[in-house]
């Protein structure tokens, strides 16, 4: 799935877990599913990589590559 690809690509670039501070399933649901929180994309990353990551986890699946 494209969303998972975007999260994995972010993890590879950041060298850390995207939601590492989230400890419970309820907290994950509230933060990621309900609030639609995404990891921060670093400004130092190349623009084309940042765009791929961000479009991959777009809220609307039809907007994803």
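Even glycines carry a Cβ here, placed using N, Cα and C.
Some features that TrEMBL has for this protein:
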type	residues	note
DOMAIN	1-65	domain 'Protein kinase'
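The domain 'Protein kinase' (1-65) scores a mean pLDDT of 96 in the predicted structure. Counting residue by residue with DSSP, the domain 'Protein kinase' (1-65) contains 36 helix, 0 strand, 29 coil.
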